[in-house]
Amino acid sequence: MAAGAGARPAPRWVKALGEPLSAAQLRRLEEHRYTAVGESLFEPPLQLYWTWLLQWIPLWMAPNTITLIGLAINLVTTLVLIFYCPTVTEEAPYWTYLLCALGLFIYQSLDAIDGKQARRTNSCSPLGELFDHGCDSLSTVFMAIGASIAVRLGTHPDWLFFCSFVGMFMFYCAHWQTYVSGVLRFGRVDVTEIQVALVIVFMLSTFGGATMWDYTIPILEIKLKIVPVLGVVGGLIFSCSNYFHVILHGGVGKNGSTIAGTSVLSPGLHIGLIIILAIMIYKKSATNMFEKHPCLYTLMFGCVFAKVAQKLVIAHMTKSELYLQDTVFIGPGLLFLDQYFNNFIDEYVVLWIAMVISSFDMMIYFTSLCLQISRHLHLNIFKTSCQQAPEQVYKHID
């Protein structure tokens, strides 16, 4: 027998790791066209700044490179803050807050011009859209942690939990309604306004110190740190009312279904499972795991969220069904089982194991996804080239 003649094909699960998308999904991805609707309050004046900034970006720099640089800066500056404030109750050196403000501002700026650079270099593609949203999903987690540290929200664990997960929920809902309607909608108060508000919070902590947020407001008898929290609550109500108005009024698919022809409520199972697991593990912890390690806890669930959000984005782009079964839930599942068996293993140890599993699972999926799409569309992820995929049609309807 000739060498290799009897070789068996790789198991299905091994192939899925390297090629998450099927041939049919890749064909539908080629047909995807990005469509955005609406304009936020700060967008018109900031367009002048973004246009000015774009002229300093060399034409050879790929849009995805710009996005990744911004994300890396945002992550590194937030990790410095986490190092000084692991329980979100400490006061960090003033320069760490300033560093976070600068990091978030740079991230926002680069995130805003990556699409402009893509159109400028005629390199718009589904890969760029996926890469941008994937980075945004991870940045959402770090922004929530950084802002919570800036106001020392760890002194109020329940509010800290709420603010740590509400950003994930709102980000998911924004893409949930996109999966239903086929259109990404920007509200009058959207991510740009939130980022500007967070930069202001970091600057206030820089010059006033994190302890300034412990000041009790006369008459109202609430601490100053609760004011931005109430702003988050108001933003949640305002944004989600718009998101669910779109979701519950039916999608563009057959009989009011999603763009993939599935139930408009089906994506809610994924974010619902994440939040339910997070709440159950938080409240049932015998060692007060969330109170002692809020940053690690949020980052672990943040990795789970980031992968699920990426799957929702690619499901929209490929008009595919979103399946609940996923290896990324292994991490939270280990924590749940450990509690079920009366903490057979130290919760802190299991939390670290869950963090490693969830982060690697998320990174492997996102890397495999980008590599598969780049091969199929004959694109270089971090370089502009003469041979590009067919340009997307960008529609921005006011």
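Placed from the backbone N, Cα and C atoms, the Cβ positions cover glycine too.
The annotation transmembrane segment is assigned in Swiss-Prot to 63-83 (among others) on the grounds of similarity to another entry. Sequence-distant neighbours of the transmembrane segment (63-83) (same chain, 6+ residues past either end, Cβ-Cβ under 8 Å): 57, 92, 96-97, 99-100, 102-104, 106-111, 113-115, 117-118, 121, 123, 127-128, 131-132, 135, 138-139, 142-143, 145-146, 149-150, 295, 381-382.
Feature annotation from Swiss-Prot assigns CDP-choline binding site to Asn64, Arg119. In sequence order, Asp114, Leu127, Gly128, Phe131, Asp132, Ile381, Phe382 are the residues near Asn64 (CDP-choline binding site), counting only same-chain partners six or more apart with C-beta under 8 A.
Sequence annotations record features per position, and here Swiss-Prot assigns transmembrane segment to 94-118 (among others).
The Mg(2+) 1 binding site feature in Swiss-Prot is assigned to Asp111, Asp114, Asp132; the stated evidence is similarity to another entry. According to its DSSP assignment, Asp114 (Mg(2+) 1 binding site) is helical.
Beyond the transmembrane segment (126-150), the same-chain residues lying 6 or more positions past its ends with a Cβ under 8 Å from any Cβ of the stretch are 29-30, 32, 34, 63-64, 67-68, 70-71, 74-75, 77-78, 81-82, 85, 88, 92, 97, 100, 104, 107, 111, 114-115, 118, 160, 163-168, 171, 175, 191, 194-195, 198, 201-202, 204-205, 210, 213, 228, 294-295, 298-299, 302-303, 305-306, 309-310, 313-314, 317, 366, 369-370, 373-374, 377, 379, 381, 389, 392. The feature transmembrane segment is assigned by Swiss-Prot to 126-150 (among others), with similarity to another entry given as support.
DSSP assigns Glu129 (site 'Increases basicity of active site His') to a helix in the three-state reduction. According to Swiss-Prot, the feature site 'Increases basicity of active site His' maps to Glu129.
Residue environment of His133 (active site, proton acceptor) contains 22 other Cβ atoms, counted within 10 Å of its Cβ in all protein chains. Here Swiss-Prot flags His133 as active site, proton acceptor, drawing on similarity to another entry.
Here the transmembrane segment (161-179) has long-range neighbours at 133, 136-137, 140-141, 143-145, 147-148, 153, 185, 229, 232, 235-236, 239-240, 243-244, 246-247, 251, 258-260, 267-268, 270-271, 274-275, 278-279, 282, 290, 294, 298, 301-302, 305, 308-309, 312-313, 315-316, 322, meaning same-chain residues at least 6 beyond its ends whose C-beta is under 8 angstroms from one of its own. Under the heading transmembrane segment, Swiss-Prot lists 161-179 (among others).
Sequence-distant contacts of the transmembrane segment (191-207), counting only residues of its own chain at least 6 positions beyond either end whose CB sits under 8 Å from a CB of the stretch, comprise 40-43, 46, 94-95, 97-98, 100-101, 104-105, 107-108, 112, 136, 143, 146-147, 150-151, 213, 228, 231, 235. The transmembrane segment annotation in Swiss-Prot covers 191-207 (among others).
Counting only same-chain residues 6+ beyond the ends of the transmembrane segment (223-248), those with a CB under 8 A from a CB of the stretch are 147, 151-153, 155-156, 159, 162-163, 166, 169-170, 173-174, 176-177, 180-181, 185, 187, 189-190, 194, 197, 201, 212-217, 264-265. Summarising the annotation, Swiss-Prot assigns transmembrane segment to 223-248 (among others).
Residues annotated as transmembrane segment in Swiss-Prot: 266-281 (among others). Remote same-chain partners of the transmembrane segment (266-281), defined as residues 6 or more beyond its termini with a Cβ less than 8 Å from a stretch Cβ, comprise 161, 165, 168-169, 172-173, 176, 179, 258, 289-290, 301, 304-305, 308, 311-312, 321-322, 324, 329, 332-333, 335-336, 339.
Sequence-remote contacts of a segment are chain residues at least 6 beyond its ends whose Cβ falls under 8 Å from one of its Cβ atoms, and for the transmembrane segment (294-316) they are 20-21, 25, 82, 85-88, 129-130, 133-134, 137-138, 140-142, 144-145, 148-149, 154, 157, 160-161, 164-165, 168, 171-172, 175-176, 178-179, 182, 259-260, 267, 270-271, 274, 277-278, 282, 322, 326, 328-329, 331-332, 351-352, 354-355, 358-359, 361-362, 365-366, 369. Residues or ranges marked as transmembrane segment by Swiss-Prot on the basis of similarity to another entry: 294-316 (among others).
Look at Swiss-Prot and you will find 330-339 (among others) tagged as transmembrane segment, backed by similarity to another entry.
According to Swiss-Prot, the transmembrane segment annotation covers 347-376 (among others), on the basis of similarity to another entry.
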With an 8 Å cut-off on Cβ distance to the Asp111, Asp114, Asp132 Cβ center, who else from the chain surrounds the Mg(2+) 1 site?
Pro63, Ile66, Thr67, Gly70, Leu110, Ala112, Ile113, Gly115, Phe131, Cys135, Asp136
Cβ neighbour count (within 10 Å, all chains shown) around Asp114 (Mg(2+) 1 binding site)
24
I'm trying to understand the geometry here, so how far is the Cα atom of His133 (active site, proton acceptor) from the Cα atom of Arg119 (CDP-choline binding site), in Å to the nearest whole number?
17
Inside 10 Å of the Cβ of Arg119 (CDP-choline binding site), count up the other Cβ atoms and send me the figure.
13
